[in-house]
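*Asks:* Please see the structure below; I have some questions.
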Amino acid sequence: MYDSGKIITGLVIFVALFASPFILNVGGGAPAVPQPSLDTPAIKSMGNPVCVRENMQANHMQVLDLWRDSVVRDSNHTAPGIDGQLYEMSLSNTCMECHSNKAEFCDRCHTYAAVDPFCWDCHIEPPKEG
Amino acid sequence: MNVWISLIASLIVIGGLVVGAAGVAGLAQYSHTPELLVLLGVVVPLLAFIAFIVGVILQVVKWGRRPVPFPIATVAGQGKSLPWIKANYFDAPYTKAGVVGRMALEVLTFRSLFRNTKMELHDGPKLAYGWQMWLWVFALAFHYAFLTVFIRHFRFFTEDGSLVFQAVMFLENLDGFLQLGLPHVLISGFVLLGAATMLLLRRLTNAQVRYVSLIQDYFPLLLIISIALSGILMRHVIKVDIVAVKVLIMSMLNFDFAGIGEKALAIGWMFYLHIFLVSVLLAYFPMSKLMHMGGIFLSPTRNLLCNSREFRHVNPWNYPVKVHTYEHYEDEFRERMIEAGLPVEKTLEETQEAAAPEEKE
C-alpha cells in the first residue's frame with residue numbers, strides 16, 4: 001500500500017469515530033433503567049388515576065404544550081380529565097400537586113434520555129409540603 | 001425512458017424495504033414475537049455496522065494499493081513557475097501546507113461543487129455557460145445537517161455526566177432553539193430532509209443530470225430521505241417510548257443481552273423501521289457512491305502538489321529502455337548490406353580506421 005502511514009492514520013480515526021458509541025461504553029456496563037417514582041402522598045391516597053390517559057410517557061409534552069397555548073393565548077384555564085371533571089391546566093398546581101417529586105419523577109427519564117425541558121425556564125418547582 | 005426505470009426501480013426497492021421492515025415490526029408487536037424485533041433492532045444493526053467498518057477499510061486499502069507514480073493534480077489557478085508570475089496558493093498548491101489547505105477547503109466547503117456550471121442552448125443558436133450554485137448549496141445544507149443529526153444521536157450512546165452527553169445536549173438545544181412544538185422541532189432534521197429532496201428534484205428536473213442518473217444515484221438519496229422522514233415522524237407523529245429505545249440501544253452497545261426481548265417489545269414499530277433503514281444504509285455504504293467520504297481524501301487530483309512547472313517529474317519506474325539505433329543496426333549487418341548492394345553510411349574501411357585510433361589510446 002502506498003502512503004500507508006497516512007492512510008492507516010486516517011482509517012484509525014475513521015474507526016475511532018464510528019465505533020465511538022461502543023468505545024464510549026467500554027467497561028461502563030449498561031446504565032440502570034430509569035424508574036419514575038409514583039411514590040408521593042397524593043398518589044398513594046388516590047384510588048384510580050384521574051388525569052392520566054394512555055401513553056402519557058410519550059405524549060405528556062404535547063399535552064403541556066397545548067395547555068400552555070390554551071392558557072396563555074386563549075385564557076382558557078380548565079380542561080376535562082378522563083373522569084369528566086374540570087381541572088386547572090397548570091403544570092405547577094395540577095400535575096405537580098400529585099407528582100410532587102420532580103427529582104424522582106420528571107428528572108429520572110429526562111436525564112437518562114438527555115432531554116432538557118424548558119418548563120423550568122419560567123416555572124419554579126413547587127416547594128415541598130411540610 | 002431508462003431514467004424513469006432507474007427511479008422506479010429505486011422506489012420499488014425502497015418501498016419494499018419500508019413496507020417489509022414496518023410490516024415485520026408491526027406483526028412482531030401484534031403477535032408478541034420478540035425474536036423478530038431483536039433481529040430488526042439489534043442483530044441486523046450490529047451486522048450492518050461490522051459490514052460498514054470492514055467494507056470501508058477494504059475499499060480504502062484497495063484504493064491505497066493503486067499506484068499514483070506521477071502528480072496528476074488538477075489546477076484551478078495559476079501554478080507556480082517563474083518568480084514574477086503570481087502563483088495561486090490554494091487552487092494550485094505548491095507546498096504541503098497549501099495542499100492541506102486545499103483539501104480542508106474541499107472537504108469542509110465543497111469548492112469543487114461551487115464551480116458547477118450549466119450549459120444552455122439559446123436561439124441563435126448561441127451556447128451559454130453559467131454558474132449554477134444549487135448543487136453546492138443543497139450539498140452543503142445536506143452534509144452539515146446530516147453531521148448534526150449524526151452527532152445528536154449520541155444521546156442514545158452516552159450516559160449522563162460524560163462530556164459527550166453534555167455537548168450533545170448543548171447541540172440539541174441550539175438545534176431546537178425555535179422552541180416550536182413539543183418535543184421541539186430540530187432544524188437539522190428538516191434541513192436534512194429538505195436538502196435531500198432538493199438534490200433528488202435537481203436530478204429529476206435538470207435534463208443533463210437526469211440523463212446520467214442511474215439506480216445507484218437515486219437509491220441512496222431515496223434511502224436517506226426515508227431515514228430522515230421516519231426519524232421526524234418518530235419524533236413528532238408516530239411516537240415511540242424514547243427511554244425504552246435508549247434502554248435497548250445501551251444493552252446493544254454494552255453487549256448485555258439479558259432480557260433483550262422484553263426491552264424490544266416495549267418499543268413501537270416506527271423505531272424498527274428507522275433503525276432497519278439506517279442498517280441498510282450502513283451495509284450499502286462501502287459499495288456505493290457514498291464512499292466519497294473516504295475517497296475525497298484519496299483523490300490524487302486534489303491531494304498532490306501542483307508543482308510540475310517547478311520541477312520535472314520523472315516516472316520513478318522508468319527503466320533503461322533497450323534501443324537498437326540505426327548505427328548499431330548498420331554495424332551489425334554492414335558486411336551483408338554491402339554484399340546485397342545496399343547503401344551504407346560508413347564503408348568497411350571507414351569503420352576499421354575509426355576503430356584503430358581508439359585502440360591505440
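Keep in mind that glycine also has a Cβ here, set from the backbone N, Cα and C atoms.
Since this is a predicted model, take the numbers as computed values, not measurements.
In case it helps, TrEMBL gives these features for our protein:
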TRANSMEM  B:7-30  transmembrane segment
TRANSMEM  B:36-58  transmembrane segment
TRANSMEM  B:134-157  transmembrane segment
DOMAIN    B:135-293  domain 'NarG-like'
TRANSMEM  B:177-201  transmembrane segment
TRANSMEM  B:221-244  transmembrane segment
TRANSMEM  B:264-285  transmembrane segment
*Asks:* Counting Cβ pairs under 8 Å that sit 6 or more residues apart, are there three or more between the transmembrane segment (B:221-244) and the transmembrane segment (B:36-58)?
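*Replies:* Contact absent: fewer than 3 Cβ pairs fall under 8 Å.
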*Asks:* List, by number or range, the same-chain residues at least 6 past the transmembrane segment (B:177-201) whose CB is under 8 A from its CB atoms?
*Replies:* 134-135, 138-139, 141-142, 145-146, 148-149, 152, 218, 221-222, 224-225, 228-229, 231-232, 235-236
*Asks:* How about long-range neighbours of the transmembrane segment (B:7-30): same chain, 6 or more residues beyond its ends, C-beta under 8 Å?
*Replies:* 36-37, 40, 204, 213, 215, 218-219, 222-223, 226, 230, 265, 268-273, 276-277, 280
